[in-house]
Amino acid sequence: MDLDADEVERWLCEKAPQDLVDRVIRARLQHRTGSLTINRAKRGSMTSEMFNTWLASSPIKRSRSPNRVTRSSGEWRHHLGLLDEGELFMELIRDVSNELDIDVLCHKILVNVGILTRADRGSLFLVRGRHLVAKLFDVTVDTELSEAVDKAKEEEIQIPFGVGVAGTVAETKQVVNIRNAYQDPRFNREIDHMTGYTTNLILCVPICNYDNEVIGVAQIINKTDGSHSFTEHDVEIFQRYLTFCAIGIQNAQLFEKSIQEFQRNQMLLSLARSIFEEQNNLDCLVSKIMTQARDLIKCERCVVFLLDLECEEASHLEHFGAKPGNYSLEKKASTKNSTDTLAEEVAVTQEQQKDVNFTTVFELGSELGVKKINKNVKPSKLLQIAQEVASSTQLLNIADVQVWAASLSRQPSMESDEGCTDHVPIKSILCMPILNGKKDVIGVAQLINKETGFPFTDCDVATFEAFAIFCGLGIHNTQMYESACKLMAKQKVALECLSYHATASVDDTIKLAQDKIPSAETYNLYSFKFIDFDLSDDDTCKATIRMFLQCNLVQQFQIPYHVLCKWVLSVRKNYRPVKYHNWRHALNVAQTMFAMLKTGKMERFMSDLEILGLLVACLCHDLDHRGTNNAFQTKTESPLAILYTTSTMEHHHFDQCVMILNSDGNNIFQALSPEDYRCVMKLVENSILSTDLAMYFKKKNRFMEVVENGEFDWQSEEKKALLCGILMTACDVSAIAKPWEVQHKMAKLVADEFFDQGDLEKLQLNQQPMAMMDREKKDELPQMQVEFIDVICLPLYKVLCDTFPWITPLYEGTLENRKHWKDLAEKVEMGLTWIDHDKIEIPVEEFFTHKSTKDIEFTVTTLNTTQNSTKKSNTKFLLNLFH
């Protein structure tokens, strides 16, 4: 039997005695039933792997399940014939109990019902809303699953509740048993006329769930045993079997929904990946979105309208940072499925529709690829519907476009009636607004004509809503990315223009390169008492070049001489003409560093590359200073404060330094190796950031700790960076150690710059500035200078001269100036003023009304002797004094 089971079975059925056939069938049945039991016992819960396997397989391919391999064979029939009614019933219950494919399950139900009741054929309808939809139709015991499914797909049969035999059963939940179909008015004879089949008997039974709600209707027709009616016993068996089947149908429907949900989640994940992959190309992103939407929801066409988002090239800079759309809204959860409801709810005027300006349309048909239309969007029904959705911000689910247009007194056709892709008549439309993260309408998406020919379902609406969210985010991000790219291009062009105008001219460079550079002694560069007052602007540049030459940096690092000249002139050009933090302040800081390296013998602790970096950092440490400090940038929320939240101006100074070095003909580091270039740029950056006094307070304690530990080797990377930062601060505040005449004049320049900032705070911010910046409290400045010396300068120079004795002049000069400031502070307390020569400028607001007013020289002879309680150390003042 194992060698040729089919041949043996055929011989037994034709030749063997009946008792032998029965024994063989029982033996094989017991063997097969035991195998099924074992297999059933091993079956576990459904896993993710099983779920994916199920999705990957076709229901048609699984039409022959393991326990019905020989269902149409003689063996199966003989087996069922040997079973009593109870055993047969249970066998058929087991046959459907674990089936989760809804098509396979419904097919098994109809076949098994035919076996149980000896019915000729049967149909099974499932409930959809207030309709019955034929799942399988006219299935006999011998009908294969593929044949039944194909027949049902040829034409979907829908029966409203209360119509026909099946509709009546669904409406009343009562069994209908008809002995003569042609005499029953509920029977539709047209099907018999079309098929040539004669219907005599009909038994129709409702399928109800646990809550006694109708989920389907099963109907069987005619008997195969020659009976003239379905008996009460048939009705009972039919009802009992369907009671168990209802559980299986609900499970299969839940499983089918879980498959749909899984597919939708996979689609959304795929869409999310597409958004990140295609953020640099709007056309590709929209094409992917439309293709996925059409394939998932099974429609004929997909159209996306995009609004004018003011992202045109000419308006990028003007509108940057503004909202991309003009239609703010809150999402209104209103889904329209009824034409009557639409007619009542949608009332958008023609004037409102004209405000909706679509500039781009993407259309995807069933055959051609995505077609894009820019600017010239012609009138059409699709455009009309899109305008209404954009204006009302409500989803539209239109079952019949012609009826919808007529109900709103609209023309059913426009100039360009059907769009541009397929010229397929528009029947149904699912239309939804596309929103960005700010709930602004940025476009409208439309799905046109379900492939089944029926309207879009609630499931389609739910899927499309999730789709629209991703569409909005993806399209908005891509549009913003394209806008950012254009802005970056514009910024690059602007930087190129600024770079050209911010660098030295060729004529000035040639002149400086040809001029003779005086000696360091001529400019007194080795002295800590260097004064720049008598130097012309050209001499300041020559003195700078002399420092590079004297340190042998030009030859050591192969700096082209004309490049050095152009770089020095460009650095000077990028300092603004503010009163203190200008080019001459940078020169003084660089000269102090030069004197510390040479006279102070600090060069023994530095390599040539570090000397180069320190001089560059000193010259560039206040580039493009605006005469206002970091606190002012933060208060006014300036672009610089947005870019840099800490050490705002210092970061900007370094950026300007890099910009000049990157400008054509200004890179004095061009001959350096990549490693040397990296090291020197890191040194320049750290040194410039160290000029923020807030950074000094962080480094001071660590430096003093190292000194107190008797450190003599400063070559480790961490200690070298610490030393360079402290030296930068010492050079930056070195004006405090200059001869008294110089220091006194410098203090007035600082005061003028601070008072200008205080005036701006009063005008722009309507705030009272701190005392050091308040022009009305200018006579408190001597005491503030004393505090500045005591808290910052003297401790700094004391620890430096104790460690490096050759820079003692800085400490001594500071002590000397402290005496003078203390003396002035005491005179202020006596009622005298410290401003006895030079100028303190008039308030800023005076210049707005008296533009021709020149510098006014005045002397204050009396002063209110009431002193504020601000004599104590003012940390805020110290942190902002020079920055």
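Yeah, the Cβs are placed from backbone N, Cα and C, and that goes for glycine too.
TrEMBL does not curate its annotations; it predicts them automatically.
Every protein chain shown contributes to the tally, and the Cβ of His581 (active site, proton donor) ends up with 26 other Cβ atoms within 10 Å. Annotation comment: TrEMBL describes His581 as active site, proton donor.
Here TrEMBL flags His581, Asn582, Trp583, Arg584, His585, Asp622, Asp732, Gln785 as AMP binding site.
Less than 8 angstroms from the CB of His585 (AMP binding site) sit Asp622, Ala735, each of them six or more residues away in the same chain. Look at TrEMBL and you will find His585, His621, Asp622, Asp732 tagged as Zn(2+) 1 binding site.
Per TrEMBL, the feature Zn(2+) 2 binding site maps to Asp622. Within 10 Å of the Cβ of Asp622 (AMP binding site) there are 27 other Cβ atoms, across all protein chains.
Residues or ranges marked as domain 'PDEase' in TrEMBL: 505-828.
Between the CA atoms of Asp732 (AMP binding site) and His581 (active site, proton donor) there is a gap of 10 Å. Looking only at the domain 'PDEase' (505-828), the predicted model's pLDDT averages out at 92. Counting only same-chain residues at least 6 apart in sequence, those with a Cβ under 8 Å from the Cβ of Arg584 (AMP binding site) are Asp532, Thr540. Counted over every protein chain shown, other Cβ atoms within 10 Å are most numerous around Gln785 among the binding-site residues Asn582, Gln785.
Between the candidate binding-site residues, Trp583, His621, Asp732, the densest Cβ environment within 10 Å is the one around His621. On the backbone, the CA of His621 (Zn(2+) 1 binding site) and the CA of His581 (active site, proton donor) stand 10 Å apart. Those residues noted as binding AMP (His581, Asn582, Trp583, Arg584, His585, Asp622, Asp732, Gln785) have their most widely separated CA atoms at a distance of 23 Å.
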